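Beneath this line is the structure, given in structure tokens, with notes to follow.
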Amino acid sequence: MADNNHSYFQHPYFVLTGIPGLEQKYYWMAFPLGAIYVIALFGNGVIISTIKSESSLHIPMYYFLCMLALADMGLALCTLPSMLGIFWFNHKSIAFDACLVQMYFIHTFSAIESGVLVAMALDRVVAIWDPLRYGTILTNGVVCRTGTVILTRAVCVVFPVPFLIKRLPFYRSNILSHSFCLHQDVMRLACASTRVNSLYGLIAVVFTKGSDSLSILLSYVFILRTVMAIASGEGRLKALNTCVSHICAVLIFYVPLIGVSVIHRFGKHLSPLTHALMANAYLLVPPVLNPIVYTVKTKEIRKKIIQIFVQSKITAEG
């Protein structure tokens, strides 16, 4: 009888967790956290505006970089309200439906970023394998269709996830492990079988992150074979140098992702602090580091940032 009474019960809200054991230092952590979000939003915004304004960057490589920056900004904006709410205002509750919305957008933007990294890998394959036909193979139409496919795949694959969570009853704990809502974290609080959720989550991860990581790996196997066929050492070095930024972006995205996935499945004995730090790294590291990597490697973006600082200094002095 009790089970029937609770079969459709859901908490009106979840309680988010900041960083366990450091609650007394949240006030001091708010400033570096705010700086992280400023760097992420400002850096990716500069990349987008630079690519838009510089006609020399109107090529597929930088169009894909613009998509990556948009995905990073989306990830940052998804977590910003709940993270700043905890660390700045000590506001830890999030409404049930708001949690599902945040979960949907976090996983959607993550899938978009993964797809964009595949597109960037294929871009490098074409640029190194057949540089003379690069512009005729990767036309603006191909780039637009690729972006549409990446967006559609992410939206459709993640779309069922909130509804699969919505059907579950929650009448025991409502305390989440992180400062934002992730599917695995919310699912573990359910008071019913989550076999369907787990199975669909696994299928979604394999279809997106799994197939994407395999595609990137195969792309670089092909790139290495093509580069090794280049006669001169200088030519090989020049070809590989064009891939450095993308390799960094792949590592920045996939290393924290693999870490948080392994911890969720096999690290139940680890401390809550470890879970929290890995989840934060998974969502905060790519939006912060990707702009830094591409700024270092792209002269036009460096010039744009210098111009912004010079103009702001002149304005402040005036």
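Here the Cβ of each residue, glycine as well, is placed from N, Cα and C on the backbone.
TrEMBL: automatically predicted annotations, no manual curation.
According to TrEMBL, the protein carries these features:
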| type | residues | note |
| --- | --- | --- |
| TRANSMEM | 26-49 | transmembrane segment |
| DOMAIN | 43-294 | domain 'G-protein coupled receptors family 1 profile' |
| TRANSMEM | 61-89 | transmembrane segment |
| TRANSMEM | 101-122 | transmembrane segment |
| TRANSMEM | 142-165 | transmembrane segment |
| TRANSMEM | 213-231 | transmembrane segment |
| TRANSMEM | 243-264 | transmembrane segment |
| TRANSMEM | 276-296 | transmembrane segment |
Annotated stretches the transmembrane segment (213-231) and the transmembrane segment (243-264) touching (3 or more Cβ pairs under 8 Å): yes
Touch test for the transmembrane segment (26-49) and the transmembrane segment (276-296), at least 3 Cβ pairs under 8 Å: yes
Recorded stretch, among 101-122, 243-264, 276-296, maximising Cβ pairs under 8 Å relative to the transmembrane segment (142-165): 101-122
